[in-house]
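Here's the structure, in structure tokens; my notes come after.
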Amino acid sequence: MASKCPKCDKTVCFAEKVSSLGKDWHKFCLKCERCSKTLTPGGHAEHDGKPFCHKPCYATLFGPKGVNIGGAGSYIYEKPLAEGPQVTGPIEVPAARAEERKASGPPKGPSRASSVTTFTGEPNTCPRCSKKVYFAEKVTSLGKDWHRPCLHCERCGKTLTPGGHAEHDGQPYCHKPCYGILFGPKGVNTGAVGSYIYDRDPEGKVQP
């Protein structure tokens with residue numbers, strides 16, 4: 001039985017449906033609730049069961065205060081409220097508060113895109129070269145962050161893809177031939193890719 005689109009409440013046929021948020025939608029009914037931009041399944045945010053584009057709409061409506069209020073990538077900050085009448089002359093500040101302000105320093109604005117560490121903490125260290133791995137150049141595999149060129153087979157040096165390789169003692173290996181030669185069952189891939197070597201029995205017959 002065909003399901004009903006949660007946007008227009010009409011029947012959704014197989015040829016025109018997309019599935020998102022656990023429901024079937026007409027392809028052109030899956031739109032941002034705020035700006036009506038057509039969305040792709042799995043490529044949008046959700047609030048109260050309704051779809052929103054990530055930027056700027058979801059960030060504007062439900063993100064941290066001050067982030068993306070003006071649009072994608074923009075930052076708006078509130079001006080501090082004046083407390084009491086303004087004084088033009090010098091003001092005495094208690095020593096304790098002066099030290100506290102000195103320690104905290106002036107408020108910082110948003111960092112550049114390259115310095116994602118402001119929000120995520122210090123970057124991890126690549127297990128291959130022991131240098132810092134920044135967001136734009138990292139791949140994650142074996143529970144660690146690597147530079148893209150540093151994730152290569154420990155034996156032959158071939159560049160690997162995250163999740164597409166074998167592992168031994170925390171080191172990455174290509175499945176064939178290296179892992180098979182070094183750690184596979186005896187006789188498998190000992191010669192080259194796809195080759196099999198068999199031991200002979202005492203009578204000289206080949207053992208399968």
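Heads up, the Cβ atoms here are built off N, Cα and C, so glycines get one too.
Database features, via Swiss-Prot:
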- 5-57: domain 'LIM zinc-binding 1' (DOMAIN)
- Lys23: N6-acetyllysine (MOD_RES)
- 98-119: region 'Disordered' (REGION)
- Ser104: phosphoserine (MOD_RES)
- 126-178: domain 'LIM zinc-binding 2' (DOMAIN)
- Lys138: N6-acetyllysine (MOD_RES)
- Lys144: N6-acetyllysine (MOD_RES)
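The structure, with features from Swiss-Prot marked on it.
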residue : record          : DSSP (3 states)
Lys23   : N6-acetyllysine : strand
Lys138  : N6-acetyllysine : strand
Lys144  : N6-acetyllysine : strand
| request: Taking only the Cα atoms, work out how far Lys144 (N6-acetyllysine) lies from Lys138 (N6-acetyllysine), in Å, as a whole number. | output: 10
| task | Take every residue in the domain 'LIM zinc-binding 1' (5-57), average their pLDDT values, and give the whole-number result. | result | 88
| field | Neighbouring C-beta atoms (10 Å sphere around the C-beta of Lys23 (N6-acetyllysine)) | value | 17
| remark: Sequence-ordered list of residues in the chain of Lys138 (N6-acetyllysine) that lie 6 or more positions away and have a Cβ within less than 8 Å of its Cβ, or none, is Asn124, Asp145, Trp146, His147, Arg148
| Taking the Cβ of Lys144 (N6-acetyllysine) as the centre, how many other Cβ atoms fall within a 10 Å radius? | 17
